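Please read the structure below before turning to the comments.
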């Protein structure tokens, strides 16, 4: 770290007392709680001054970290009997912090389109599958919002996506005291003790509100930073008219302000997000020409049948992790048809119906189809992206069209090249989940085989990172969330297992009694030297 980096502690004046009472009623006496607003809903977790050693710091405060916070709350209030024996939670409330780069809690806010539904049952919320008695169930949220009866009248397990985000915001509001927003973590650095063993980690973050770099120390660090938008080559990553699907709701309002204008728009991708964007554009920009470019021959339905859904059972995580690596890789490829590059059947049928109506209005022949305002173009690959000489400020897509190889009614179909000039292109090509590799760069010397090019961090079944033997103390470590699909299965990046996994994480993180910096735990009182 540069010696000129501005450090901001953000902690209250005055040191903590030498002796603190042990855990009693979820409060610590050395914290002035008058600095926090009175909250209608408040978790059992309390603010820890920034300069104190934390038991846990979570990098990111999305659904994965939220599930950990919910499980901690349930463990402390006694409603979750499965966590009643966690030793590290017996003497005092844990000292935790969640660092989130966004200014407030948000979940896929850029894809909260009108009418969009969840793709999993509301019962797979932040708590129900682990602790149905929790205050954080979706049903309790509905009860608190006075909508339980009306929701029951909908006769559905699939709430609107906008309502489910509001549910998660409601859950997140309980933890305002321990969440620092606008904090973008930039590195996690190991710290050695006098014995040479790593006993804590320094979490460095950039405060977007102050512009300063801040530092916090923790024994346990959970990296749950989520995915970053994947804009693959040849698309430029910083062009104002090349927009990732995660920003669609925001950017479409800026780029496509006139709903009656004759825009030229392209959507790239063959999954749920691409289909939703294509359908939204068709419905809201009727005078535009919209093209959905897919690499295969057709949009394919997701498989959410009961037997296939067992892939996402929490117990399947054990099965997946314990498989031989080659078998695990094979089954992951088989399972991806349930979630990757597929679309819910109801939306597929709706899109097909809207395209069919164009056959009635504009004609059914191939020549007439070429002039439809909204089309799906199969077997297309974008080979290059340049500035458009036709659409002001837009881009030209240089496309390889392989459809003749598959759809030609005569032998000898040939690939051809085509160009599409568009005012905007929306790229629905998923996410990359590799931020932990960057954050842990200063710990790479602790990675087994870390000197080898291309070596990746490996985790145990409880998501704990494998470090070189005896390099990191038993009471310290790093855990990964949402980037372990190759070892823990397809559900790793999904909502399906969050409630159960949150409980597993609490047990793994706090199984042992917490200690102060000197390592002492003394009866009902914890002593610092």
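Note: Cβ is positioned from N, Cα and C throughout, glycine not excepted.
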According to Swiss-Prot, 124, 309, 310, 311, 312, 496 bind substrate; identify which of 153, 339, 466 is listed for that same site. 339
For residue 310 (substrate binding site) and residue 273 (NADP(+) binding site), what Cα-Cα distance in Å is obtained after rounding to a whole number? 24
Tell me which of the binding-site residues 312, 340 sits in the most Cβ-dense spot, judged by other Cβ atoms within 10 Å. 312
Of the binding-site residues listed (106, 311), the greatest number of other CB atoms within 10 A surrounds the CB of 311
Measure from the Cβ of residue 270 (NADP(+) binding site) and count the other Cβ atoms within 10 Å, all protein chains considered. 25
Could you tell me the C-alpha distance between residue 271 (NADP(+) binding site) and residue 102 (FAD binding site) in angstrom, no decimals? 26
Rounded to the nearest Å - Cα separation of residue 106 (FAD binding site) and residue 272 (NADP(+) binding site): 20
